[in-house]
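J.: Below are the features listed in TrEMBL for this protein:
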type: TRANSMEM; residues: 21-42; note: transmembrane segment
type: TRANSMEM; residues: 62-84; note: transmembrane segment
type: TRANSMEM; residues: 91-110; note: transmembrane segment
type: TRANSMEM; residues: 122-140; note: transmembrane segment
type: TRANSMEM; residues: 180-200; note: transmembrane segment
type: TRANSMEM; residues: 206-227; note: transmembrane segment
type: TRANSMEM; residues: 247-274; note: transmembrane segment
type: TRANSMEM; residues: 294-313; note: transmembrane segment
type: TRANSMEM; residues: 334-354; note: transmembrane segment
type: TRANSMEM; residues: 374-394; note: transmembrane segment
type: TRANSMEM; residues: 415-439; note: transmembrane segment
type: TRANSMEM; residues: 451-469; note: transmembrane segment
Amino acid sequence: MANFKHCISSSWKWASSYIRFSKAAIFISGLIFSKSFIEIGFKAFMISYIIDNLKNLSIGKVIVYTIAMEGIQQSLAIYIYHLATDRLGDFLVIILTLPCLIFGLLILWLSSLLRSQQTRNQMLYIVLPVILVGLAGMQVSQKGFLRQHFEEETIIVDKTKSERQQEEEYKDIVDGRASLWSNGASFLGQFICWTFASSLSWKQTIMVSFIEVAAAYALFICGKRFYLRIPPTRRTAVSRLKETRRLVKLIPLWLLFIPYCLVEVAAFSIFILQSDRLDTRINPRISLHSFNKVPVNSLYVFKQFISFLVSMLTKYLIRKLWSSEEAIQRGARYWRMGVGMAVGFGSLLSAWLVERRRSDLIKKNPNDDEDIPMTILWLAPQFGLLGIANGLVLEGLTDFFCDRVPKSKQYFEVLFNQSLVVIGSFLSGFVVLLAPDWFGDTIDKCQLDKYLLMLAILNVAVLPLYIFLSSRFDWNIPDEVDGRDIEIEEVDGSDVEILIEEGDGRDVEIL
């Protein structure tokens, strides 16, 4: 009878907590929906908005402008992540940064109603930094804030497994619950953007984005009584930087992912430009235009969906096939990144072939007002391959980093991985400035195929170096106990802690 009452009590406690967490997730999901809508409907096509408004800029300068915006946003994301974790907390960061996005979209929409092109350009320069702050705040706070609502001490894991395996199993359960809400809201935002916003003008897109983000912010505030608020650590940036000294060892390996980050940067600039003058009709004989159009943002939705499927399938296979041996599991993650980099090369190669064909057709059809005889579905392979690469590399960088460092240092995962995108963004802009002959005043005069071929060669050239360094050197960083290093090794099927001390200039192992 006592066991029955305990079971009922535990079940009621779990159900109550899950209902409360679900209510919180509903309010937070509105923000995730708005973030997904903004990224597909607004941010991904910022380069075309800049081209339409800053007509005095060459294509090369517009690309640099767009890439620099991405680099600035990722830099802001690193700093805001520090504020959210160490100073203010996720809730306050969302409350403070999201109004920047709302205000920026409002001013951008109002400026689009003005007749003066010069005034609109001036407002664009003022508003974009404010919008970037809001986007960075959404990027670093929402998923982490949602995830912490599904963390419980009562989650049951397999006690027969090692401590690390139990931690990973617990993490998978929490991530699975959070992903159910996060990906559901994200795909809903992408689908609505694909079906609804693709037919809107820029003025209408900005207006709808403003209304949607403002409504999501109001919904988020309404649910504040359901939220869990984890207090910040109150650590200073200086103390955090001191903790990274031992992580310097990882920098050579992490720098090898920069060429792949150049591919991701190209997706928000070069891939958009490639859609210029392409035929968006599925079948020319279909008279209903609304049912016979493939908008460019549908390719981004396709890419995101492929990335999600590949990421989930890869994690499942690694857990399923190598769950008993941690060393093999880490090896599987090494190969996951390598395969992803190879697929990224395939995406660039596909984009290069498309650009060669597009350039040849433009020479035969010099009239700027006419579409060339080439369907936009030619771009689908490069977006699909990039989605596969994204699911393997970008979505796998978190696990890849956590495998290398002890739990006490996993805070720096955002710093390391976001820094890759920052370096890749500014490096891309620097390359564009160094090759002005490849980027003419108009898209028809650009030699994008040469730039894409250069990126493809760079990605395939770094792959053997990655394989060699991954297999030749140990990149794992041990934990510290009382100033001494500690490593965990498997001995007779059990995890054994081995302290590493330095004696007479040599490392001494103490079981």
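Glycine is treated like the rest: Cβ placed from N, Cα and C.
Any TrEMBL annotation is an automated prediction that lacks curation.
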J.: Given pairs 6 or more apart, does the transmembrane segment (451-469) have at least three Cβ pairs under 8 Å with the transmembrane segment (122-140)?
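T.: Stretch pair does not touch.
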J.: Within the same chain, where does the transmembrane segment (415-439) have neighbours whose Cβ lies under 8 angstroms from its own Cβ atoms, ignoring anything closer than 6 residues to its ends? I mean 6 or more beyond.
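T.: Same-chain contacts beyond the flanks: 58-60, 63-64, 67-68, 70-71, 74-75, 77-78, 81, 244, 247, 250, 254, 257-258, 261-262, 264-266, 269, 397-398, 401, 446-448, 450-451, 454.
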J.: Look over the recorded stretches 180-200, 247-274, 294-313 and say which has the most C-beta pairs under 8 A to the transmembrane segment (62-84).
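T.: The stretch I would name here is 247-274.
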J.: Can you work out whether the transmembrane segment (294-313) touches the transmembrane segment (180-200), with the criterion being 3+ CB pairs under 8 Å where the paired residues are 6 or more apart along the chain?
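T.: Answer yes: the transmembrane segment (294-313) meets the transmembrane segment (180-200) with 3 or more Cβ pairs below 8 Å.
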J.: Cβ under 8 Å, sequence separation of at least 6 from the ends of the transmembrane segment (206-227): give me the contacting residues as numbers and ranges.
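T.: For the transmembrane segment (206-227), the list is 20, 23-24, 26-28, 30-31, 33-34, 37-38, 41-42, 91, 94-95, 98-99, 101-102, 105-106, 108-109, 112, 145, 149, 197, 200.
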J.: Can you work out whether the transmembrane segment (21-42) touches the transmembrane segment (334-354), with the criterion being 3+ CB pairs under 8 Å where the paired residues are 6 or more apart along the chain?
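T.: The answer is no, given that the two segments have fewer than 3 Cβ pairs within the 8 Å cut-off.
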J.: Between the transmembrane segment (374-394) and the transmembrane segment (122-140), are there three or more C-beta pairs closer than 8 Å, counting only pairs 6 or more apart along the chain?
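T.: These two segments do not touch.
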J.: Quick test of the contact rule: Cβ under 8 Å, at least six residues beyond the ends. What residues does that give for the transmembrane segment (334-354)?
T.: 257, 259-260, 263, 266, 270-271, 274, 314, 318, 378-379, 381-383, 385-386, 388-393, 396-397, 400, 449, 452-453, 455-456, 459-460, 462-463, 466-467, 470-471
